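Working notes, beginning with the structure itself.
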Amino acid sequence: MTDATSQTGLPGAQPRKSLHAADARTRRRNASEARFRFFGAAAIAISILALIVLLTSVLGNGLSAFRQTFITMPVALDAKVLDKSGTGDIEVMKKVTTIGYAKVIEKALTAALAEKGIATDGLDAKQISGLLSQEAAASLRNQVLADPSMVGQTVDVKLLANGRVDGFFKGRVTMDSAKLDSNISPEQLELALKMREAGLMSVSFNSGFLFGGDASELRPEAAGLGVAILGSAYMMLIVLVLALPIGVAASIYLEEFAPKNKWTDLIEVNISNLAAVPSIVFGILGLAIFINFMGLPQSAPIVGGLVLTLMTLPTIIIATRAALKAVPPSIRDAALGIGASKMQAITHHVLPLAMPGILTGTIIGLAQALGETAPLLLIGMVAFVREFPGAPPEGFFDPASALPVQVYNFTQRADPAFVERASGAIIVLLVFLLLMNAVAILLRRRFERRW
Amino acid sequence: MSIGLITLIVLGLAVLGFILGRQRALSAVKGDPRTLHSLPGYYGWSVFLFTAVPALLLLVTWAFVQPIALNSHVSAMVPEADVASYGSTQLVMADVRRIADGLDAVARKAGLDEVGLEAMRADLTDMRGRLAEVGVALGSNVVPSVLDAAKEYRSLSGELRLAMSIAVLLAAVAGLLFALWRINPKQRARNLVEQFTLVLLAGCSLIAVATTFGIVFSLVIESVHFFKLYDFRDFFFSMTWNPQFRGGSDLGLWPLVWGTLYVSFIALLVSVPVGLMAAIYLSEYAGKKVRAFAKPAIEILAGIPTIVYGLFALITVGPFLRDWFAQPLGLGSSSSSVMTAGLVMGIMLIPFVSSLSDDIINAVPQSMRDGSFGLGATQSETVKQVILPAALPGIVGAILLAASRAIGETMIVVMGAGAAAKLDLNPFEAMTTVTVKIVSQLTGDTEFASPETLVAFALGLTLFCFTLALNVVALVIVRKYREQYE
């Protein structure tokens, strides 16, 4: 037996000459080892590359959404046009529509161009005022109605420029594309360039993007995220208020009190399955139960909050149970030993010690809920909402949007300017997620104890 | 009174109850807590719980039951003949609710009081016109019986709302008085409070079961409605998907299932090798520095919401694939395609596969590695011939979990895969999936009685069963495998 193996060796193996010179088989094995290692490194490289491409694509498209082209010029607010009664009565002034204000702006723009000595050959008044956003008149009207004493004076106002002009300065619109565009002409863009040199037009930080409401399809320059951010905040509030106590209570029961029997097994299997149910199914649940059956309003943060609560519960329960499990039994035993009841041992000692872990899990669950889109589409959050929802609790029932849904909404619109808006909204969303995760990491680093 | 206000009042009463209960217990022993059975706070808590919990439970139950009772009562008022003209009871009730809401607005606008509203008659006044003035658009003229039903609905729901407020507040006050009356120094208040809390905790753990029940219930009920209107054989065996909102649509399941499986297959083709190799490299090869950098980087991918991946597919990957692959190869000119969605979804699943595989590879005992190295195997031979076979069941489980994720994923396919239902092999062609169609059939103005809308529930049920089966099988495999090495 031993003779046989020592004589033949492995099939195909040649008698070795030196240990320093690798034979063919060793070389093959080493090459395969190197190859395998290379594949592993390549897999890591691919994942990281994907992350980098993803982030640069979003950042590259979206950062420009935070800057916007504005036209700053003196506007003479003619009392004869804007306040016909001359009494400053706000009700009378409200009767002047945006069309009236558009005329005032048009006049002011022509005057400003003449003053700076910018030639406007070949452009009629309509084309010149076309450089301004259609939203400009409405925003001026709001300013005046907020402060009626402005009427009769000449004030410097900052008005949004048209989305195409904005796109021109950001490189999205070119002279060539303007030739084919019915909304803008190359001559208008020439004028915009001159206005920029004269200091009438400038690109600056756009607070309207963060705090304003959504705008219609024709006015991408005025579209903002204010309603979406507020709606998302309302929903997160509802999720936090409902999911945290319910999740913690359920976990305490399952981890500390529940007897081991078929019934609790069923609950546990249930929870782990719920964590893996596709999110859109929760949307169907919300639509069928909360809207159709209970008659709650569509697009309301309350419905979104309830659906997201049900979705977040499994995450919170799983995290809380892990945190409770991590508290060593000696703590419980010590409390019980000095006469505390089981409930006291848990509420006075185990729960406070598990709190950092619970909060970390909750924040991660909230971050997931914040980015969730699909279920919200089904409960009507895609609707176009311009008005801000009211203050809670009544505001929970008002229509609102949500950040991720707003992104989806922007991508469904035809104007390419909305791609920039959608990417900008994603940046806002990612910043919120980053903050939440940073808080979670901080909590874990600072307070979590290793036993 | 709104539900929020009632809740606040009940909670206020409960806090009052806490203070009163504590005081009553203390005054019963003349301020000497040593003679009480429990700490004084527990007497307060017992009153708090007895005040708040039954009242709030009543509130929630009422909010659930009221719509059912109201619907069945009011829908009985509309005669069969009128129901037939609408198509179904559900549609009638939708109109009844809309008219009832509209009546309030009409009354406010015209300055009518209750009597004036009662006097309105569908055959005399132009109800449709008046409702349209206040922003309630109706599909057809208002039938007298429906208007009566709407009036009844309006007045009944008002009365019920009032009754609910009274009942809930009564329950709170009764609970408060009952618990206060029971307080005496011998009462075992701590045991009572703890028992009560335990029941509450157990109740909370039932919410998970209730959610599952709610999902199954809503999916099954609406699917049954769908199959009443649309033959199930056509749904399960037809090869065309062509919904038409005028009726006479083909709602075959297979084109959607094909698209779903095709996209998921490509996603797994990307994510499984990359994720698995990344996990192997990180656990077997990588040094400390690489690990400290690469692991969090891959985990970031897992934290990015799917809408971001969707946008990535829409504005970057889609146009790139179209301009560099599909058009030069003559395979198509659409930027949304199975390939786009599959690739992006694959990237999304990489961290999922890699973290699951990482757990599983780490669960393989070190002794098996040592044995293999001791026999002279290289690292890659150890991985390929010892670790992977040992971890195989776990890895299969991980792949199944990833597949269930891929099948249920919505935003990436909504934004990347397209909307055309096709049975095609070309990966650069736009195709659609089950989830895309659920979204498109249920968003926008939908009527809940047409098969075109209800089909979304049947699709949802299919999706739910599919992913549930995958999850259960995967969890069983993973659990079995873990036990093997523990």
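Heads up, residue numbers simply count up from 1 along the chain you see.
Every residue, even glycine, has its Cβ placed from backbone N, Cα and C.
All TrEMBL annotations are machine predictions without curation.
Taken from TrEMBL, the feature domain 'ABC transmembrane type-1' applies to A:229-440. Annotated region 'Disordered' per TrEMBL: A:1-25, in sequence order. TrEMBL lists A:36-59, A:233-254, A:274-296, A:302-324, A:350-371, A:422-443 with the feature transmembrane segment.
Through the fold, the transmembrane segment (A:350-371) approaches residues 232, 235-236, 239-240, 243-244, 247-248, 252, 256, 308, 311-312, 315-316, 318-320, 322-324, 326-327, 331-332, 403-404, 429, 432-433, 436-437, 439-440, 443-444, 446-449 of its own chain, all at least 6 residues removed from its boundaries and within a Cβ separation under 8 Å. If one looks beyond the transmembrane segment (A:302-324) by at least 6 residues along the same chain, the residues whose Cβ comes under 8 Å of a Cβ in the stretch are 231, 234-239, 242-244, 246-248, 250-252, 254-256, 271-272, 274-275, 279, 282-283, 285-286, 290-291, 296, 350-351, 354-358, 360-362, 364-366, 368-369, 372, 375-376, 379, 381, 396-397, 402. The stretch from A:36-59, A:233-254, A:274-296 with the most CB pairs below 8 A to the transmembrane segment (A:422-443) is A:36-59. With a cut-off of 8 Å between Cβ atoms, the residues of this chain six or more beyond the transmembrane segment (A:36-59) that come close are 423, 426-427, 430.
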